[in-house]
Each structure stands twice: as structure tokens, then as C-alpha cells.
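Annotation source TrEMBL lists domain 'PLAT' at 2-118. Summarising the annotation, TrEMBL assigns Ca(2+) 1 binding site to 17, 79, 80. Summarising the annotation, TrEMBL assigns Ca(2+) 2 binding site to 39. TrEMBL lists 103 with the feature site 'Essential for stabilizing binding to COTL1'. Under the heading domain 'Lipoxygenase', TrEMBL lists 117-674. What TrEMBL lists as Fe cation binding site is 368, 373, 551, 674.
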């Protein structure tokens with residue numbers, strides 16, 4: 001009689017234990033054992049966080065142990081059990097690890113492979129080949145594509161978060177309701193008394209301070225004090241919440257007829273505007289994407305407005321980026337004056353406020369929602385559909401899609417749906433957010449998701465010409481560290497390009513993203529196949545970086561930059577002036593969000609800026625999907641490199657009035673989960 005010692009680890013999550021029967025079957029290359037009931041004579045078996053040990057007696061020689069089958073049968077109540085892993089000590093003394101990290105729900109079973117990652121072409125045993133295919137067949141039935149809106153990236157086929165497979169739902173029901181989170185945020189911020197005061201304007205800019213009774217930090221206070229300054233306005237294009245729009249401008253577009261005479265008083269080098277353009281000192285932010293997008297009309301009592309301004313910026317002799325001209329729409333003419341710093345104070349201030357409001361709309365819908373949330377979900381669904389748990393790419397990516405499908409499903413359920421919270425305060429709500437994503441998807445490219453390419457395409461890559469662009473500088477370092485880590489892991493399994501070409505599962509993964517996730521959009525250049533190891537490494541780096549660093553850069557600064565309402569109005573209630581000399585403080589106050597919308601906006605940006613409970617930051621991989629020592633060494637190298645980056649950013653930020661910490665690795669969550 002052969003004796004196997006089986007250790008079963010239950011999850012640490014609340015309610016992850018079970019009172020039901022657990023059976024195990026050991027499957028080897030020669031034989032499989034009988035189904036064995038793991039003894040539950042002790043009442044504390046399978047409790048949360050426990051590791052329970054059992055002896056399994058087997059009469060025959062199983063050969064090499066390759067699979068473990070776990071079955072849960074309901075006893076007298078139905079519950080779910082979360083199994084972290086199973087380890088088996090064989091009669092020869094070998095310890096074999098079987099990672100699980102899955103929920104067993106109702107009378108269900110799961111078949112586990114040992115922890116060593118394998119490509120499909122490396123499987124020789126017929127049992128494991130069959131199990132590999134069966135796992136993917138079940139996954140494709142479970143993780144189905146669905147078009148939530150025409151022209152959007154495809155999403156998961158579920159109307160509610162509770163309809164998702166247990167393995168991708170939030171581990172706790174606490175804190176995942178946008179309605180509850182926003183209401184809680186409004187309570188925490190002590191602005192309850194204002195939240196239903198729609199149509200009620202603030203009297204003065206200083207009145208916005210009345211909604212900051214409890215929560216401030218140094219960045220918020222600095223924004224409140226300096227938001228009117230041109231240098232602060234320009235700084236946000238580099239290091240604010242939306243640092244991805246500014247471009248170097250070498251030739252003015254015809255639709256922006258700015259002349260040297262208009263801006264000469266803002267130029268500091270005794271050069272003409274044409275010469276400044278040639279010298280690379282002129283930049284542009286064009287909000288053309290907002291042109292033709294419908295403004296929110298869900299509230300019949302409040303007219304709301306969207307515009308598509310163009311902002312021209314200049315790098316002065318102090319290397320600061322400052323605005324020098326703003327046109328409030330895309331079509332020049334007598335009804336579209338070009339506002340200048342030399343104009344009357346309120347004319348120029350209101351023009352800048354309009355740009356900030358437009359920037360907020362693009363940030364919320366394109367930079368944040370589309371380019372991090374929806375794109376990450378698309379990669380996650382394809383991963384579940386095409387890569388089995390034994391595949392090294394599945395093991396690499398699974399920490400970086402944690403809760404992403406769940407948070408997006410919840411957003412479609414409560415936030416961006418018709419009548420959702422997005423409609424309450426945002427000018428682009430009420431359908432405009434759908435229109436703009438449909439518009440952007442027609443031109444979205446894979447190359448624009450590659451961080452170095454995205455920086456280079458905008459002409460913003462030279463750190464000597466454009467200093468203090470911390471989003472770029474920190475982003476480069478995190479990108480390179482991530483790419484190095486991905487390379488270290490992938491080179492363990494792919495010794496050459498032919499190994500990539502011969503991996504049918506990885507080819508199906510990228511094809512699923514292109515053909516279904518992106519709905520076979522030929523214009524986007526999303527790969528339909530991967531021909532080299534370098535292509536695979538870059539592709540996976542895009543996925544990991546988008547889900548972690550890029551999302552952190554554009555999400556967790558929202559309260560810092562957007563909580564001071566005049567600096568980031570979520571809506572505007574008056575149209576922009578069609579001639580100079582009309583702006584007054586009264587017009588500005590009537591244009592800015594009313595008290596109710598201000599409070600909903602404040603609650604939103606506070607809630608969205610909070611980390612999850614028990615957040616896992618970049619490089620933290622507590623679930624041991626990889627068991628190989630070489631991969632664990634690569635992880636440790638990655639963590640050390642990230643720690644070095646974090647420390648250097650901390651040292652730099654000690655000297656700054658406004659620290660830039662959004663791309664500090666110890667503040668970058670592994671995945672899109674908020």
C-alpha cells in the first residue's frame with residue numbers, strides 16, 4: 001500500500017472555508033487512485049487560512065503524479081470553498097505542488113496540474129493534453145464576449161457583477177458599490193448638505209473651499225492656491241491626471257490662425273512665432289475629439305455644454321510650459337475669438353477653465369475608462385478564454401487582471417449605464433461618453449499603448465528639451481523594469497522565435513484580442529499573430545504596464561487635481577463667450593458646476609482615488625502560480641529594481657512643493673481594480 005500525504009490550503013478570504021465534503025483523486029501517468037473523502041471528523045477542517053493534512057492510501061503504483069482532482073459535495077448547506085493550493089508528498093519523498101486559487105461552488109470539481117508552467121507543445125502525456133483542452137472548452141463557455149455598446153471593445157457577457165464566475169468576483173462585497181462608495185465619500189467629506197442642491201450656484205470662487213472640511217493634502221492645497229497661474233495650468237499637461245495629450249507643435253494647424261503679433265508679448269527669446277515653432281518651443285493640446293459630441297441633457301432644469309477647444313502652449317526661458325493662446329472651438333471666425341494672456345483677467349481665466357473642463361471629459365472617458373479599464377478587460381477575457389492555468393503567460397498575467405472584469409461590470413451596472421452616476425455631474429454623461437469612445441475606437445492603435453511609442457509619437461521624448469516631465473521619466477523606468485521582468489520570465493519558456501510561432505495557445509490569445517476584443521479593427525494594428533520572442537515580450541509588457549502603471553498614473557491623482565472644482569469642472573452650465581470682454585466673475589460662477597454637481601463630482605474623485613482594501617502593488621505576487629526557482633528569482637530581481645525606483649522618486653520628491661508619486665512602484669497596484 002502506497003501512502004501519499006496531501007496538504008490542502010484554504011483561502012484567507014472571509015467565508016472561504018466550507019462545511020461540505022471534499023473528495024480528492026490522485027491521477028498519475030500509469031493509474032489513478034480511487035476517489036477519497038478527506039476526513040472531516042475534526043470540525044476545523046477547511047477553515048479560512050488553514051492548511052489541513054491527510055494521508056491517502058493507494059494500492060496501485062500511480063506512476064508520475066500529473067493531476068489532482070478535487071470535488072466538493074454539499075452536506076447540509078450550500079456554500080463555496082476557496083482552495084489556494086494542494087501539495088502532495090509521494091511515497092518516494094517527492095513534494096509536488098498543485099496551485100489552485102479557485103472557488104469550488106455547489107457540487108463542482110476542479111482538476112489541477114502541478115505548478116510547473118508548460119507550453120502546449122511540451123505536453124506529451126495524453127491525459128494532460130486532454131485536460132488542457134477540456135479546461136479551455138469550459139473557460140470559453142464561461143467567459144463569453146459581449147458587445148455592451150456598438151463600437152466599444154468587447155466586454156464580458158454579464159449584466160451584473162454577481163453573474164460573473166466566482167473566480168473573478170470581488171472577494172468581499174464590502175466597498176464595491178459605486179452608489180455606496182460615492183455616498184460614503186460625500187459623507188466622509190461632510191458635504192451631504194449640498195449634494196441635492198442642483199441649480200444652486202456658488203457665490204464666489206472661495207466658496208468652493210467650504211466643501212473641504214475634512215480631507216486635504218499638500219497637493220490639493222497647492223492647487224487651490226495656484227490654479228489660476230499660467231505655469232500651474234501648463235504644468236498639469238505634463239504631470240497632472242491627463243499627461244498624455246500635449247504634443248510638440250512644429251506647424252500651426254490651419255484651424256488655429258494664431259499670428260506672431262497676437263502672442264509676441266508671451267514669447268521670451270526675441271524670436272518670431274515661426275522661429276519658436278522651428279526651435280521646438282511650441283506645444284499644442286487639441287480637444288478635437290469632443291467636436292460634435294452631445295452634451296448631457298438628462299436634467300431638463302440645467303443646460304450643460306461641451307466644447308472642443310485648442311490650446312497653444314510655450315516653453316519659456318525658465319523651461320515652464322505656459323498657455324499663450326486658446327481658441328474655444330474647432331472653427332475659427334468672429335464667433336470663435338482666440339483668447340490670450342494679454343486679455344482681460346476674467347476673459348483669460350474663463351478660457352482656461354473651459355480647457356480644464358474639456359481636459360476632464362477626455363480624461364474620464366478616453367484616458368481612464370477606455371485606455372486602461374476597457375482595454376485591460378479585453379486582454380483579461382481573451383486570456384481566460386485561450387490560456388490554460390498551466391501556461392506561463394496565464395501565470396504571468398493573472399495577478400494583473402485581478403478584479404478588472406468585476407470593477408468594469410460594476411461600472412456598467414451603476415456608473416456608465418443609462419441613468420447611472422456618470423450622468424449626475426458630467427457634461428459628457430447622458431450618452432456623450434458612449435459617442436466619444438465610439439469615435440476614439442476608430443483610430444485607437446496598439447502602438448499607442450506602448451509607452452515609449454506613445455511618448456515619442458507626441459514629440460515629448462527628449463528630457464533635455466522638455467525637463468520635469470515626471471510622468472514620462474518615471475514611466476520610462478517602470479516600463480523598462482516591467483519589460484525586463486517579462487523578458488526574464490518568457491525567456492525561460494521560449495528559447496527562440498520558433499517556440500513562440502509554434503505555441504497555438506498564445507497565437508489564439510492574440511487573435512482573440514484582435515478579432516473579437518477589438519472587433520477585427522484593421523486600422524488599429526493589433527497583432528493577429530506573434531512571430532518572435534521580442535514581439536511576445538512587448539505585447540505582454542503592454543498588458544502589464546497598462547493594467548498597473550498607466551492606470552495608476554491617470555487614476556490615483558484624481559482627488560489631488562480634480563477636487564478643486566474650478567481647476568477641473570465636471571460640467572459647464574453656460575456657453576463660452578463668443579467675443580472678448582464678456583467674462584465676469586458672475587458669469588464664471590454661473591458657468592461652473594452647481595452645488596449638487598460639485599458634491600457628486602467631489603465624492604466621485606475621492607472614491608476613485610482610494611486604494612482597495614489589502615491592495616497588491618506592482619511586484620507583489622502572494623499567490624504562487626509559478627513554482628520554478630528561476631521565475632521566483634526573476635520576481636525577486638523585479639521587486640528589487642522597483643524598490644530602487646521607488647526610493648529614488650522619494651528622494652526627488654522630498655525637494656518638491658508638489659511631489660509626483662503616481663508612478664512610484666510602491667503606489668502602483670498590480671491591476672485595474674477601482
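We count from 1, first residue shown onward.
Quick reminder: no glycine exception, Cβ is built from N, Cα and C everywhere.
No curator has checked TrEMBL annotations; they are predicted automatically.
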Item to check | Length of the line joining the Cα atoms of residue 80 (Ca(2+) 1 binding site) and residue 103 (site 'Essential for stabilizing binding to COTL1'), in Å | outcome: 6
Checklist entry - In the same chain, which residues outside the set 368, 373, 551, 674 have their CB within 8 A of the centroid of the CB atoms that define the Fe cation site? => result 369, 372, 407, 554, 555, 608, 672
Next on the checklist: Could you check which of the binding-site residues 368, 373, 551, 674 is the closest Cα neighbour of residue 103 (site 'Essential for stabilizing binding to COTL1')?
Outcome noted: 674
Item to check | Overall pLDDT of the domain 'PLAT' (2-118), taken as the mean | outcome: 85
Item to check | Counts of helix, strand and coil residues, the domain 'PLAT' (2-118), according to DSSP | outcome: 0 helix, 63 strand, 54 coil
Next on the checklist: Using a Cβ cut-off under 8 Å and a sequence separation of 6 or more, which residues in the same chain sit near residue 551 (Fe cation binding site)?
Outcome noted: 368, 372, 373, 376, 669, 672
Checklist outcome for this item: Expressed in Å to no decimal places, the gap between the Cα atoms of residue 674 (Fe cation binding site) and residue 79 (Ca(2+) 1 binding site) is 27
Checklist outcome for this item: Candidates 80, 674 (binding-site residues); min other-Cβ count within 10 Å returns 80
Checklist outcome for this item: Other C-beta atoms within 10 angstroms of the C-beta of residue 373 (Fe cation binding site) total 23
Item to check | Surrounding CB atoms that lie within 10 Å of the CB of residue 368 (Fe cation binding site), all protein chains | outcome: 21
Checklist entry - In this structure, which of the recorded positions 79, 103 has the fewest other Cβ atoms within 10 Å of its Cβ? => result 79
